[in-house]
């Protein structure tokens with residue numbers, strides 16, 4: 001198994017990445033396990049944040065690094081919370097928790113007829129900290145935000161993210177179902193394909 005560092009300590013993301021990357025012979029270690037502090041995320045785009053996190057983790061670990069920047073974008077809110085998804089409630093003086101973030105999103109959407117939203121995931125893989133050709137992949141997953149949470153799986157906004165075609169929220173999907181269709185799975189499929197192209201070039 002080849003070891004790479006994940007520029008995150010999010011247990012939900014770590015579990016998803018390990019499930020999706022283990023078949024490729026990659027062992028994903030969270031940066032906290034290697035004593036690496038979290039990078040700053042000062043940028044206004046998912047791509048810039050993911051690249052900054054990947055370079056930071058790779059530099060401190062001396063390993064290839066994979067970074068994910070992801071979030072949910074509500075159409076009626078101009079794409080908010082977007083890059084601020086993980087700390088959406090904090091920005092309004094609330095606690096940092098999934099429940100608080102979901103509560104703020106539902107509150108902000110009250111009175112809006114358009115409940116459409118999409119998850120975005122941008123993945124950046126660097127072979128080393130100064131990699132001049134980082135591999136960048138992106139996935140989007142479209143659905144609607146519902147007021148009442150449903151399901152016990154997933155994390156983040158999943159209990160409020162309804163997939164109308166399936167009649168389920170992301171939190172009601174099995175891990176296998178989610179890993180087949182999620183924004184992260186789409187981005188990872190792109191990333192794997194690009195990694196293969198680079199290795200065979």
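Here the Cβ of each residue, glycine as well, is placed from N, Cα and C on the backbone.
The feature active site, proton acceptor is assigned by Swiss-Prot to 69. Secondary structure at residue 69 (active site, proton acceptor), as computed by DSSP, is strand. Taking a C-beta cut-off of under 8 angstroms and a sequence separation of 6 or more, residue 69 (active site, proton acceptor) has the following same-chain neighbours: 41, 46, 47, 49, 50, 53, 83, 121, 122, 124.
DSSP classifies residue 158 (substrate binding site) as helix under the three-state reduction. Sequence-distant neighbours of residue 158 (substrate binding site) (same chain, 6+ apart, CB under 8 A from its CB) are 151, 169, 170, 171. Per Swiss-Prot, the feature substrate binding site maps to 8, 9, 10, 11, 12, 13, 70, 155, 156, 157, 158, 178, 183, 184.
Feature annotation from Swiss-Prot assigns Mg(2+) binding site to 40, 69. Taking a C-beta cut-off of under 8 angstroms and a sequence separation of 6 or more, residue 40 (Mg(2+) binding site) has the following same-chain neighbours: 52.
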